[in-house]
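The heme c binding site annotation in Swiss-Prot covers Cys12, Cys15, His16.
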Amino acid sequence: AASGASIFSAKCAQCHLGGKNIINPTKTLSLADLQANGKDTVSAI
């Protein structure tokens, strides 16, 4: 199975470089934003 880091690099890093979000700057990968947007669990992602 692929590691989380390799999956992130392949599928997410283009838009979430440095934990930010180039599409919607208010939805970063900070824990506070993940919780506010209901994306703070593995199953939610």
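Including glycine, each Cβ sits where the backbone N, Cα and C put it.
Close to the recorded heme c site, the chain also has Phe8, Lys11, Ala13, Gln14, Leu17, Asn21, Ile22, Leu29: residues not among Cys12, Cys15, His16 whose Cβ is within 8 Å of the site's Cβ mean position.
The number of other CB atoms found within 10 A of the CB of Cys12 (heme c binding site), across every protein chain shown, is 13. Sorted by the number of other CB atoms within 10 A, the binding-site residues Cys15, His16 start with Cys15, the lowest.
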